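Undergrad: Take this structure, written in structure tokens, and hold onto it; I'll ask about it next.
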């Protein structure tokens, strides 16, 4: 495969003032309408799917548990797309962002795990410790290997999360997808250093 008019673009704008700056720091200051649309659509479809599953399987969630489930799913599923975009790669891997900053971002998502474990798992402590421990170990491993091996390590971590969710975590009805998707968002999407191609680039054989 050869490149046709494609190039790597690391240039990044500064976040806008006010509340728009918060959004810029989340998605990347130069996020395109397509990138934003894909992220929001993915998060919305994921949230609809989780809520529909809970209703169809008659899970005994309260209205506020539905609300928390929807918010978590919006963030995690939408974040898979958001973190994988060139705009986000430029922002999150700009000058000054290193292992410590990436690990801190990853570790902050322990709140998601605490909420899922505490509200939806039949064994909250075990679920929380195992899931969070795995996420941290996967993140450290991916951040510490040579850059050329980060993507492969991240995919291995995601594969391991699938098996762990299926065979190693306490049951959390409606949340079997959660840990693997969270690992994809944070380890593959955020922590892995990848070249941000210009969104107008094209490829041909």
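Even glycines carry a Cβ here, placed using N, Cα and C.
Please treat TrEMBL annotations as automatic predictions, because they have not gone through curation.
Pulled these features from TrEMBL for this protein:
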- 33-55: transmembrane segment (TRANSMEM)
- 61-82: transmembrane segment (TRANSMEM)
- 103-121: transmembrane segment (TRANSMEM)
- 127-145: transmembrane segment (TRANSMEM)
- 152-169: transmembrane segment (TRANSMEM)
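A description of the local structural setting of each listed feature is requested, covering burial, neighbours and distances.
TA: Long-range contacts of the transmembrane segment (33-55) within the same chain, counting only residues at least 6 positions beyond its ends with a Cβ under 8 Å from a Cβ of the stretch, are 27, 61, 66, 69-70, 73-82, 85-88, 174, 199.
Within the chain carrying the transmembrane segment (103-121), a Cβ under 8 angstroms from the stretch's Cβ atoms is held by residues 61, 65, 68-69, 72, 75-76, 92, 127-128, 131-132, 135-136, 139-140, 143, 169-175, 178, 182, 186-187, 190-191, all 6 or more beyond its ends.
Sequence-distant contacts of the transmembrane segment (127-145) (same chain, at least 6 residues past either end, Cβ-Cβ under 8 Å): 99, 102-103, 106-107, 109-110, 113-114, 116-118, 121, 153-154, 157, 160-161, 164, 168-170, 172, 178-179, 182-183, 186-187, 191-192.
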